[in-house]
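Structure first, commentary second.
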Amino acid sequence: MKKSAYPIEIIQKQAPYHPDPTMIFNHLCESRSETLLLETADNKKKRSRKIMIIDSAMRISSEHNAVKLTPLSINGMEILLVLKKIISKKIEIYRRKKNTILIFPNIEKDLDEDKKLFSLSVFDAFRLIIKTFENREKKSKAMFFGGLFSYDLISVFETLPKLKGNQKCSNFCFYLAETLLVLDHQQKTCLIQSSLFTKNSNEKKRIEERSVEIKQKLNQKLNSIPKIKIKDINLTSNMNNFEYGSIIKKLQKLIQKGEIFQVVPSRKFYLPCPNPLSAYQKLKKSNPSPYMFFMQDQDFTLFGASPESSLKYDEKTRKIELYPIAGTRPRGRTKDGNLDLDLDSRIELEMRTNHKELAEHLMLVDLARNDLARICKPGSRYVSDLVRVDRYSHVMHLVSRVIGELREGLDALHAYASCMNMGTLTGAPKVCAMQLIAEYEKEKRGSYGGAIGYFTDLGNLDTCITIRSAYVEKRYCYNQAGAGIVYNSIPEDEVNESLNKAQAVINAIKNAHY
């Protein structure tokens, strides 16, 4: 680290433990934007810490080759003042009201993979911030960036058809945490951690007082999540079953011609959702998943319960991990909705022995191996889990895990840039599949199929694919789901699969407003 790097001061305070992170989030954040809740389902696992961004120092968003930096406090403003002194002349800087806009050079998309990967890009906005400050105590979350990479971010790096979007979702949207709350369910502890990026004594006093205020609030009885009832919840879609089935059949013809091997078309479902946090609480209870998230932005709210990791990276071991999911069946239930264990096991057996499902799954495992081959040390890739079954409230999936060791000179953001978007949401070959998806879906995907999670200044990254999720704008929900199409797919089954995948979120929203 350069001697000129600015030190980060960490302020920590223990607070009363509460077992329900959703209630805590509601109590502390209410409807404030630039707040985030990230959690996992299994409290027995070591990694089952719930992390909340209570206050953000800065909002960092991107569209095309521009990055917008919006300071949200004096603490965040200090970061901008420091950045302006060190920014490369290759990056243009503009000031618009309280925002600072960084314009990066367009990436030459016909470059080879490595040259493209090392080209100056919008990801360098994060690298600049990280390199400017020094984490002397090596605290794991001194600089904690939490937020969303949208599916459409790929258009910065690859040539894809230009599409219109009817949502305000940026290519990426992240918050640099000023105050974090970390719940540890094993130890039953609650830690308030604040990061100070300035030597301003008044700002330090404000942040210390804010920590005391949060602790005092957690000593109080937690506010209940408000309820909003809706008499009639009308579910609509941008494609009916026939239209979606027709797209599947057209794509199958391209598979038969050999243009692609597999592709994942999707459709959107719409329904009112004036109370997203209540719907999220219902979704957690009905469909607990490895990754659960609730993000409140100035433009949207995003929540979900995702079964699938996008990309995970541990800087200490330099191990990078992908978790392809492909192969889906509904859970075995009786007519009254109760789980039938015998039927459930027979459905699992049928899925495990289905040639189409196995072919599709192994194709995506191979695609994950290829993704890692570009960025990992030769000979370091391996499949640690192959074709096992994960179960959720409405569906079960075939899953595998692929691991490799990241090459020297690359970081977690290089890895994400190389691997996006995940093959289980695109197809194979990946770029060709994404081009066809754009051609047939005809609009931006936004958050769907991108990734949500966090990365830190120490280099660690943990994200999940944004599926089984609800994107809410102006009290209205966009719930998107797709199906993996191969040569011998049955269109009617794939149409039903897309609805089965969307059902958990749809039911949660309905139950929250009943």
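Numbering starts at 1 and runs along the chain as displayed.
Using the three backbone atoms N, Cα and C, a Cβ is placed for every residue, glycine included.
Copied over from Swiss-Prot, here are the features:
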{"type": "BINDING", "residues": "Thr40, Pro290, Tyr291, Met292", "note": "L-tryptophan binding site"}
{"type": "BINDING", "residues": "Gly327, Thr328, Tyr448, Arg468, Gly482, Ala483, Gly484", "note": "chorismate binding site"}
{"type": "BINDING", "residues": "Glu360, Glu497", "note": "Mg(2+) binding site"}
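This view paints the features noted in Swiss-Prot onto the structure.
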residue: Thr40; record: L-tryptophan binding site; Cβ neighbours (10 Å): 19
residue: Pro290; record: L-tryptophan binding site; Cβ neighbours (10 Å): 19
residue: Met292; record: L-tryptophan binding site; Cβ neighbours (10 Å): 25
residue: Gly327; record: chorismate binding site; Cβ neighbours (10 Å): 24
residue: Thr328; record: chorismate binding site; Cβ neighbours (10 Å): 23
residue: Arg468; record: chorismate binding site; Cβ neighbours (10 Å): 29
residue: Gly482; record: chorismate binding site; Cβ neighbours (10 Å): 27
residue: Ala483; record: chorismate binding site; Cβ neighbours (10 Å): 23
residue: Gly484; record: chorismate binding site; Cβ neighbours (10 Å): 27
residue: Glu497; record: Mg(2+) binding site; Cβ neighbours (10 Å): 20
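Taking the Cα of Gly482 (chorismate binding site) as the reference point, the closest of the binding-site residues Thr40, Pro290, Tyr291, Glu360, Glu497 is Glu497. A strand conformation is recorded for Met292 (L-tryptophan binding site) in the three-state DSSP classification. Between the CA atoms of Pro290 (L-tryptophan binding site) and Gly484 (chorismate binding site) there is a gap of 21 Å. Glu497 (Mg(2+) binding site) sits 13 Å from Arg468 (chorismate binding site), counting Cα to Cα. Take the CB of Glu360 (Mg(2+) binding site) and look out to 10 A: across all protein chains shown you find 27 other CB atoms. For Tyr448 (chorismate binding site), the same-chain residues that are 6 or more apart in sequence and have a Cβ closer than 8 Å to its Cβ are Tyr151, Ser266, Leu425, Thr466, Ile467, Ser469, Tyr471, Tyr478, Gln480. Tyr291 (L-tryptophan binding site) counts 25 other C-beta atoms within 10 Å of its own C-beta, drawing on all protein chains shown. Whole-number maximum of the Cα to Cα distances across the L-tryptophan-binding residues Thr40, Pro290, Tyr291, Met292: 7 angstrom.
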